[in-house]
Amino acid sequence: MRIATSSRRIRRQPTEDIEEAVSSQAHADEEVEEEQEEAPPRPAKGAKKEKKRTLPTEEVEEADPQEEDDPLADFVDQPVDRQQSTRIAGLAKDWAQARTGIHVPAYLPVKDIASYVAEFADGEKGEKNLADVDKMMRSLVDTENELRMHEQTLDDLYQQVTRGEPVPEVILRYEEGVQKKKLDYQAKTSRQKYAKHEEYSNFRQAIYEVQHPEEAMPPVMDLIPPEDGDDSDDDDDIQVGGVTQDYKCPLTLTMLVDPLTSNVCGHSFAADAIREYLHDKPRQTCPNAGCNQMITLGDLKPNKALAKKAREADRRQRMREEEDESDDDNVIE
């Protein structure tokens, strides 16, 4: 029997180590394969993105609007205090500025149109045109009153705040206040709306001067047809009729030229004549007959509107005189 030498055992020792290493590696490979089989496969990058896009989304139940929390539910309307009252006053001034600065100047051209229509349009066509201009003038009056409604409502709210009265829901109260004034105004008759309005009275005066020269205009109330509800007017109201507008200077007794009107008594004079009158004595009694007011040059202001009326009145007077002369010549022939 052959006996292995020590050198052979030495050579065989590596073989045994290799076999053990191979056996250990095989065992390790089997464990790795088992782990890979148990673990889910890793998707590729493209597949991962696709999977995200195709993942089903869970259905979300729509929330009931009544169940949602109102972010303003905890806020309550606060009354306007005195510090905020200046804003209300500012809004009222804005409405006043719109009325006086933008709307009121529109009256003058309408009155001029009425004068020209009354002078040059005759017959039924002329009456129809005057009626159309009258509607235009009344519409201007209505618009002015509506502007006043906003202004007065805001001013009323401002006065309440300054008196220390609580004013809750200020916007609602403002809207209700304006609406109430509108309804009250709409319930009025034409006489109640326009008879006492200064601009409308001047409008009717301008027409009457052309149609009835040198005659005093009756009260505007008489020029507006009565309506249901006019009988309830206060009988104690004194109806003042119009006056004949005199465009002559009390000093020169001729047509006014560059008239100056006193802000003390309202009388007007030709500029050169009144300056000469006050030259020696700067403060004197008004030269208009029956007036005892003391006036100075500082009280007199230029009156462009009156100057225009005086020129128109002078032109109409000269036209009537020429027509009268023409009629006299025809009679003589």
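Every residue, even glycine, has its Cβ placed from backbone N, Cα and C.
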105-132, 133-160, 245-272, 273-300 - the range that TrEMBL marks as coiled coil: 133-160
Same-chain residue ranges lying at least 6 outside the compositional bias 'Basic and acidic residues' (309-321) that approach it to Cβ under 8 Å: 115, 119, 206, 209-210, 213, 245, 247, 255-257, 259
Arithmetic mean of per-residue pLDDT over the coiled coil (133-160): 96
